[in-house]
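Below is one structure; the comments refer to it alone.
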Amino acid sequence: MSKKRRMGQPLEVEKAKNWRKTLIRIWQYLDVYRGQLFLVLFTVLASSGLGLLGPYLIGKTIDKYIAENNGNTFIFILVMIACVYFFFSLTSFMQSYWMIGIGQKTVFTMRKQLFNQLHKLPIKFFDKRQHGELMSRLTNDIDNVSQTLNTSVIQLSSSVMTLVGTITVMLILSPLLTLITMFVVPIMYFGMKWITNRTGRLFKEQQKHLGDLNGFIQETIAGQTIVKTFSQEEKIIADFTEKNERLRDAGYWAQVYSGFIPKLMNMLNNLNFAVIAGAGGILALKGYVSIGTIVVFTEYSRQFTRPLNELANQFNTLLSAVAGAERVFEILDEQEEKDSESSRKIDYIEGEIEFTDVSFSYDQEGQEQTIKHISFRVKPGETLALVGPTGAGKTTIINLLARFYETSSGEILIDGMDIQTIQRNNLRSHMGFVLQDAYLFQGTIRENIRYGKLDASDKEVEEAAKIANAHSFIMKLPNQYDTLLKQDGSGISQGQRQLLSIARAMLSNPSLLILDEATSNIDTITEMKIQEALFRLMEGRTSVVIAHRLNTIQNADQILVLDQGKLIEKGTHTSLLEQRGFYYDLFHSQIHEGVGS
Ligand SMILES: Nc1ncnc2c1ncn2[C@@H]1O[C@H](COP(=O)(O)OP(=O)(O)OP(=O)(O)O)[C@@H](O)[C@H]1O
């Protein structure tokens, strides 16, 4: 479909309904500040009234001065005009002051709710979304709502009040001239309708493309090393240009159409002015109205189109804010990860794990099973190793054990309890994770280790680091435990990150340990340190190890060999070698590649 035709489409009724719902929802946020809103509306009413009084007094001055040459009244009216405009400014200032306060508090709440919600959503929610796009909702979309609240509420109410007031005064002054002024209204109405039909959808598109672009930028910055390693600079620049173009087009047309509004208004304003001046002049010559009335009228006719103009402009801003708010509410309405009412907390676990006929699929329809009818049992304190080619389902088993995802069928038991009956946070609090990508936060080394147990003392942190073989390298850093790590922990080596991650797990003292071995190249000495630290960490705990190098799991109590989601072999290192099956081949292929030796 061509761009022109798409733009010609009227807004669908469904969307209009959604907007109404969104506006009601925004109003619910504002409702909390009802008292302050009342103050705002009161000052808006006052400033609108004062705004109307100004021209009226000017008209009076002209009539008094020119017609009656009454000096005293003239001075009195001048003082009155000065007072009116002073209070007009004061009330205008106060309304902005209060409204900005309400707006900021409202978006503060919205931002907080959105952030909290993001952390309550299940991992599967993030699978399908770009992180930058989500960030865009937290920043750009919320900003949009904020800006609208700061200005639009005042302008909308002020415009309505000024409009009603102006028409009333105009009618009192001269019904005939008022009628003449009104000829612009139908032109305005149809002109505005034509424009807003187009801008609504375009603003929504603009927000969407902005989100996409932000997501892309965030991803490419985070993946800089990969981009450079694979010399993909040109490709990502091309992709970026495409997204940027889409944003430009949506933004361009949204601005072009909304830019028509002030132009249209200006034109009608000038036309109106000319008509009033002409018709008013004739009426004045015939003695139906005074000169002062015509001056006042031209001023009022401006005041009459101004609120209409503002209403139209604000309508556009409002549309853009509604588009932003809709994207925020969409996330707030996502189903959060909730524990059932009956789920319980457990204080202590022995560490027995049992999978009984567990199957699982990442897609909702369950078309492609990632885990197929898997059963095994691990006794407390034992080490279970998961091996298999890439994509076999090893990480998925861990995801299910930690309840990042729920099984499609079968049961997972810990100490004989179905994990679905245990609160997720409580379950995870008994688990320690040392993952391949040891995520470190911006902060000191101490803070990063303390993440494992927030109330740990400095001494405990250092003890954990010592057991994890991290103490010696930390002491060589410029500020030792107070060394500041960059946001992604990029100031230290991969191996050192692993050691910190082990220290963190050590500090949390979990009953169940989940280890995802690092596959990347780490120097032999650091590797030995990591192995030693891991053995210490695993002592006396049930451990589930995703093993990439088979030499590290030769002492495991049980090894599960997975392939395409199926458990194909099970046993100890020796028994599996004796079977001369998949494990045997895998082990020997690694020896030949020099990985397993
Ligand atoms: N979030 C997800 N959504 C959809 N499919 C997924 C998701 N995560 C993994 N998969 C798919 O599930 C299968 C098993 O993946 P899993 O990560 O469990 O394998 P793995 O054995 O841990 O592999 P590796 O050794 O490469 O880490 C793969 O085909 C993978 O593409």
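Including glycine, each Cβ sits where the backbone N, Cα and C put it.
Look at TrEMBL and you will find 37-58 (among others) tagged as transmembrane segment.
Annotated domain 'ABC transmembrane type-1' per TrEMBL: 38-320, in sequence order.
The transmembrane segment feature in TrEMBL is assigned to 70-88 (among others).
Listed by sequence, the residues of this chain that lie at least six past the ends of the transmembrane segment (167-191) yet keep a Cβ under 8 A from its Cβ atoms are 52, 56, 260, 264-265, 268, 271-272, 275-276, 279-280, 283, 288-289, 293, 296-297, 300-301, 304-305, 308, 312. Taken from TrEMBL, the feature transmembrane segment covers 167-191 (among others).
Under the heading transmembrane segment, TrEMBL lists 273-297 (among others). Here the transmembrane segment (273-297) has Cβ contacts under 8 Å with residues 55-56, 58-63, 66-67, 170, 173-174, 176-177, 180-181, 183 of the same chain, all six or more residues outside its ends.
Feature annotation from TrEMBL assigns domain 'ABC transporter' to 353-589.
Per-residue pLDDT, averaged across the domain 'ABC transporter' (353-589), gives 84.
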